[in-house]
Amino acid sequence: MGFDSITCNKLVWCTLIIALWTCTLEGSGHLMSSEGLLPPPKTLLEDPLITHQRTLVGGGPSNQYQRSLASLDRPVMGNFENSSLKIMEDVKAGLRYLFQTENKWTLALSGGGSLAMDIILDNLVEPGDVVLIPTFGLWGVRAADIVERYGGIPKKIEAALGSAFSLKEIEDGIVTYKPAVVYITNGESSTGVHQSLQGVGELCRKHYCLLVVDLVATIGVIPFHMDSWKVDAVFSNTQKALGSPTGMAPISYGTRSIEKITSRKTKPKSYFADLKNNWIRNNYWGISDPGAAQTFHSSYPILQIYALREALASIATEGLAHGWARHFDATAKLYTAIDNMTTIEGGSGVTYFVSRAEHRLTGTVALLPPKGLDPKELMNLIRQMYSIEINIGIGPMTGKIIRIGVLGPNARPDIVDEIVSAIKYGLKNLKK
């Protein structure tokens, strides 16, 4: 039986398709060959994962609350199944309690406190906006850098390292520079300084500017009342007093800051951070319409959300006021021990970097080492002998101080006793 032209054409096409498919398989086999590949890292093939149990008292990160740590073993769920969304709602409610606010735009970002600082300023600062930044350490300097990158005009008023600003000094800065935003670090962790917020919110309302506060070193440690103190936007991280792993950044925007964001004439610079358009349009975290379905903006780290939820549950179970008192008592006990540590075995002891007691942070303590002692040697010795991690300063104070943090679950009398014993041991054995 003969073939007509249509049948012949079909056979030709089938033959071509089979030939192309065969070439594809042969090509993919070549691509999947190990020939010519870089070798896998030996350490991943031969070495096990090695970690060490530490008491983390360097001012951050801290150890985690047990509930938070245990949650990382939970099964991973889909981002938009109802069980996951319920956990996100719990986180929002817990953060409102933590910040003492009813702000609808209260959520947690994927990233640390530095990313939160970036996102807060990206959304609130438009080109040409003046931002007043009382600066007394690393974080004011960094905020000024970020403001400048977004086209804002940072105006720094500066205090000596180890000191804070009076309310009058802040008001003088506001009157002089007429800022759109005042940016204040509540706890300057690089120097161990507490900046009071008393009266600053009222000043900002009086002079028609927004108040943004960095709470990284203070939230959960000392009293804070976002709504009644008239604070317009705040951010934090999760690895200090919140007792959760590093990697989430709680933020909250009040009504005035939301108005500023939604009425701005330019888009924020970052797509990810764009609260004016992208997050609202996508109803990410349910912040544009809590009753509407939440849609995709980006994949959030569900295990980190579990951990933050359980850390907030730990804080809520204890109660904020009790937690503040616990941090105060632990810090006071540490201060008393330091006051008694004037001499160690006949050698000079540690002294305070922050000379005025009213300027010293609760929870994070900055100490000057004895003359001739290298803080890094002390840190290494204490880690080796006690498995305790202290810190030697950050930013302008790197290598110049001993930084100790009694934060979150580590704000306990027994932890303070361990720290004091370790420091005494280190000072005695490193005495010059």
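The backbone N, Cα and C atoms fix where each Cβ goes, glycine too.
Annotated in TrEMBL:
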{"type": "SIGNAL", "residues": "1-27", "note": "signal peptide"}
{"type": "DOMAIN", "residues": "63-392", "note": "domain 'Aminotransferase class V'"}
{"type": "MOD_RES", "residues": "Lys240", "note": "N6-(pyridoxal phosphate)lysine"}
{"type": "BINDING", "residues": "Arg403", "note": "substrate binding site"}
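Annotation note: the residue listed as 'N6-(pyridoxal phosphate)lysine' sits in a coil segment as assigned by DSSP. Comparing Lys240 (N6-(pyridoxal phosphate)lysine) with Arg403 (substrate binding site), their Cα atoms are 14 Å apart once rounded.
When pLDDT is averaged over the domain 'Aminotransferase class V' (63-392), the result is 93.
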